[in-house]
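> Reproduced below are the annotations present in TrEMBL:
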- 11, 12, 13, 14, 15, 16, 17, 18, 123: ATP binding site (BINDING)
- 91, 98, 99, 100, 101, 174: substrate binding site (BINDING)
- 100: active site, proton acceptor (ACT_SITE)
- 120: K(+) binding site (BINDING)
């Protein structure tokens with residue numbers, strides 16, 4: 001008999017892998033560099049069912065599915081759909097939308113009001129807008145570290161360090177100017193999203209997710225903004241509806 005304790009949710013992102021049991025959902029997931037590390041971890045033991053989503057190359061998904069088949073574990077890869085859980089995707093070709101964006105919307109819809117946007121920040125910062133179940137569209141911009149790397153790579157005398165500021169300020173060294181400038185650009189995405197939603201003249205929520213969500217600490221004073229592990233939350237909705245409904 002499948003129980004929530006025997007179901008594992010796995011989010012395979014660009015730079016790291018998150019995993020958590022369904023019965024522990026709402027807590028902090030475990031983090032891994034790749035799926036090989038995950039498959040050797042204790043969280044991967046004694047499971048009956050695996051729900052996962054991946055934005056990496058197909059070979060990663062295939063390797064995970066093969067492992068599950070050999071271990072007798074039911075494996076379900078969630079992919080982007082046109083409609084699910086009352087959300088309709090605006091993309092004509094839904095295969096062109098990363099499943100992380102789709103699951104983030106599915107997860108956010110469970111905790112947000114009728115009009116909301118999801119800001120998911122990591123390697124890229126993605127913003128998706130939803131109103132009354134209809135995905136309106138979105139934005140994709142470079143993430144904080146991607147922005148810094150591109151700036152350093154395209155210039156000869158600009159350097160950067162590993163600093164990731166949590167407060168918005170001005171820099172007094174080149175490295176600090178790069179960090180604070182990229183931080184300001186990321187924060188600008190948030191304020192642009194709020195401006196766009198404000199023009200809808202209806203209450204809205206901004207739901208924040210992703211590995212770099214700490215960069216938005218300056219904006220968390222807003223009553224409309226809430227952090228969450230949205231991709232995992234979206235996976236949990238799929239698992240619960242298909243296994244326990």
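Glycine too: its Cβ is placed from the backbone N, Cα and C atoms.
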> Given the binding-site residues 15, 17, 123, which lie within 10 A of residue 100 (substrate binding site) by CA-CA distance?
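Those close enough: none at all.
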> Give me the largest Cα to Cα distance among 11, 12, 13, 14, 15, 16, 17, 18, 123, the residues the record lists as binding ATP, in Å as a whole number.
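In whole numbers, the farthest two Cα atoms are 15 Å apart.
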> Taking DSSP three-state, what's residue 99 (substrate binding site) in: helix, strand or coil?
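Note: residue 99 (substrate binding site) is helical by DSSP.
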> Give me the long-range Cβ neighbours of residue 123 (ATP binding site): same chain, 6+ apart, Cβ under 8 Å, in sequence order.
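Set apart from residue 123 (ATP binding site) by at least 6 residues yet with Cβ under 8 Å, we have 13, 14, 15, 143, 145, 146.
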> Around the ATP site formed by 11, 12, 13, 14, 15, 16, 17, 18, 123, which additional residues qualify by having Cβ within 8 Å of the site's Cβ center?
55, 56, 122, 211
> Near residue 120 (K(+) binding site), which binding-site residues out of 98, 99, 101 have their CA within 10 Å?
101
> Give the number of CB atoms, excluding that of residue 100 (substrate binding site) itself, located within 10 Å of its CB.
25
> Can you tell me whether DSSP puts residue 11 (ATP binding site) in helix, strand or coil?
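It is in a strand.
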> Give the residue from the binding-site residues 98, 99 that has the most other Cβ atoms within 10 Å of its Cβ, counting over every protein chain displayed.
99
> Rounding to the nearest whole angstrom, report the longest C-alpha distance spanning 91, 98, 99, 100, 101, 174, listed for substrate.
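Farthest Cα pair among residues binding substrate: 41 Å.
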